[in-house]
Amino acid sequence: MIDDIRETKECQLKDPMDLFHSGQVVKICAPMVRYSKLAFRTLVRKYSCDLCYTPMIVAADFVRSAKARDSEFTTNKGDHPLIVQFAAKEAQVLCDAARIICPFADGIDLNCGCPQRWAMSEGYGACLINKPELVKDMVKHVRRQIDNPKFSVSIKIRIHEDLKRTVDLCQKAEAAGVSWITVHGRSIEERHQPVHYDAIKIIKQSMSIPIVANGDIKSLKDAENVHHLTEADGVMVARGLLANPAMFAGYEETPFQCIQDWVDIALEHGTPFTCFHHHLMYMMERITSKQEKKVFNVLSSTSAVLDYLNDHYGL
């Protein structure tokens, strides 16, 4: 896939920092395992999403294996600005991954927030918030080795119980040249507890680079409220966009046109059935009855799904 876009890349790349200088809150689609792939990114960009992330990619596998590169990363000329998120624990491995991706994406993001056990046991994700010197070193290395000044290097973190440690981490990353920081306002242990928006505000007030707020944003109104509570420069949304890919355009629930757009885009991209179907299950969660869900959620082929949508919604 990388070869397919090589010819068109030069005029397509964008400077993501331009978004943060626009004076508007930057609306961002989060990195989501299995879900924030090219077809879904194409959909949310139609509905006022400013910036999209890929799902997290393990940098070591990406560098080592052409098969991993082909399966983990696809893009096209309309898929910009685009941030590729990597899991890494060694500076040179992250640099090597960034160098491969640099001609085809607008920046990389280092995952310092994933709390899953497998990631942390491998030295990836949220355990990095306890290794500020390593994070600083990784950012510095990428900054030195990528000679495109518009290529962004960001990090996505969770917060510590002791917020001073989080502020220290952020300030070290800023000194190393990080472009912006996304803060998920929960600690490693917290899952469904309320998000600490007050902590995000304190971090924002301690920094001079853009800060993005993440956590429990389910509508455009939520996004505006979180912006006012935290003074963040951007908002990043995961599950809210899965449930309603048109939320950034102000829709309270997924409009039928968005469902139609997803069908068209997914078929055009050859999206695997399971992914195609799961996205529809998320999008239709609020607009279908329990009985309808029982039928729709067990459909087992693209043609069955298309027939259902046609029979019930005229799509």
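Each Cβ is built from the backbone N, Cα and C atoms, and glycine gets one as well.
No curator has checked TrEMBL annotations; they are predicted automatically.
Listed features, source TrEMBL:
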- C114: active site, proton donor (ACT_SITE)
- P31, M32, V33, Q85, H184, A238, R239: FMN binding site (BINDING)
- 29-292: domain 'DUS-like FMN-binding' (DOMAIN)
Rounded inter-Cα distance in Å - R239 (FMN binding site), the residue listed as 'active site, proton donor': 15
List of residues, in chain order, with Cβ under 8 A from that of H184 (FMN binding site) and at least 6 apart: G113, K156, I157, R158, I159, V195, N214, G215
Spatial separation of C114 (active site, proton donor) from V33 (FMN binding site) - C-alpha basis, Å: 11
All-chain count of other Cβ atoms within 10 Å of P31 (FMN binding site): 25
Cβ-based isolation winner (fewest other Cβ atoms within 10 Å) among the recorded positions M32, V33, C114, A238: V33
Whole-number mean of pLDDT values that fall within the domain 'DUS-like FMN-binding' (29-292): 97
Site of maximum Cβ density within 10 Å, from binding-site residues Q85, R239: Q85
